[in-house]
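A.B. asks: So that we are looking at the same thing, I have put the structure below in structure tokens.
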Amino acid sequence: MSKTHFGFESVEENEKAKKVAGVFHSVASNYDLMNDLMSAGMHRAWKAFTIAQANVRPGFKVLDIAAGTGDLTKSFAKAAGPTGEVWHTDINESMLRVGRDRLLDKGVVTPSLLCDAEKIPFPDNYFDVVTVAFGLRNMTHKDAALAEMRRVTKPGGRVMVLEFSKVWDPLKKAYDLYSFKVLPWLGDKFAKDAESYRYLAESIRMHPDQDTLKTMMEQAGLDAVKYYNLSGGVVALHLGTKY
């Protein structure tokens with residue numbers, strides 16, 4: 001059986017999904033806190049940039065994968081309006097429930113669906129925009145997930161991947177110190193869960209860098225793939241178009 005990475009640990013492919021699920025079941029109730037700790041609060045600016053680049057308009061159909069607590073979903077639903085169709089999806093039931101409840105609390109009524117990005121339950125050429133924010137690095141078969149995202153995107157539509165990436169060299173030493181020393185300590189202090197936060201830091205280091213992910217998206221059949229480095233490469237937003 002093939003091996004894959006769970007953070008820095010080498011595990012069987014069929015074990016990774018279970019281990020990742022355990023992490024997100026554990027952090028679901030504190031997910032927004034987790035994002036604040038991992039990004040020093042910058043995730044709001046990164047998501048705002050992604051929302052602006054998505055340029056969702058009234059009537060659009062949008063698929064938000066690994067949507068978590070629904071930050072992107074909320075903005076997309078408002079932009080698409082009553083004639084649009086925006087799906088809030090996640091493979092993790094705990095995350096999906098937290099996100100669905102949060103959306104309802106904010107007056108956003110939009111469908112939520114338990115969804116594996118490697119087997120997206122929608123027809124070909126269905127969505128105008130497909131997004132995944134901070135979720136791709138946790139997927140076992142990233143190439144399969146990207147191919148599925150392209151499949152369900154309409155011709156002329158876009159796939160957008162917002163993810164932690166490779167930081168610029170002058171920032172690397174400070175970033176490593178924060179990721180491997182400060183972040184687990186914060187996770188233990190504020191969420192009583194140092195191990196989950198340690199995995200999340202490790203998963204970022206194992207994720208493909210900017211150019212590698214660009215190539216993967218091209219190999220999945222997307223065209224005109226480009227990326228924006230945000231905060232010195234801490235995060236990158238990749239965009240690809242389906243022609």
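Each residue, glycine too, has its Cβ placed from N, Cα and C.
Here the structure is a predicted model, which means the values were calculated and not measured.
Pulled from Swiss-Prot, these are the listed features:
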| type | residues | note |
| --- | --- | --- |
| BINDING | Thr69, Asp90, Asp116, Ala117 | S-adenosyl-L-methionine binding site |
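Each of these features: where is it, how hidden is it, and who are its neighbours?
C.D. replies: In the three-state DSSP classification, Thr69 (S-adenosyl-L-methionine binding site) falls within coil.
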A.B. asks: When you look at Thr69, Asp90, Asp116, Ala117, which the record names as binding S-adenosyl-L-methionine, what is the longest CA to CA distance in angstrom?
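C.D. replies: Pairwise Cα check on Thr69, Asp90, Asp116, Ala117 gives a maximum of 17 Å.
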A.B. asks: What is the one among the binding-site residues Asp90, Asp116 whose Cβ has the most other Cβ atoms less than or equal to 10 Å away?
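C.D. replies: The most densely surrounded of these binding-site residues is Asp90.
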A.B. asks: What count of other C-beta atoms do you get within 10 angstroms of the C-beta of Ala117 (S-adenosyl-L-methionine binding site), across all chains shown?
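C.D. replies: Taking every protein chain into account, the count is 24.
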A.B. asks: Please report the three-state DSSP label of Asp90 (S-adenosyl-L-methionine binding site).
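C.D. replies: Reduced to three states, the DSSP call for Asp90 (S-adenosyl-L-methionine binding site) is strand.
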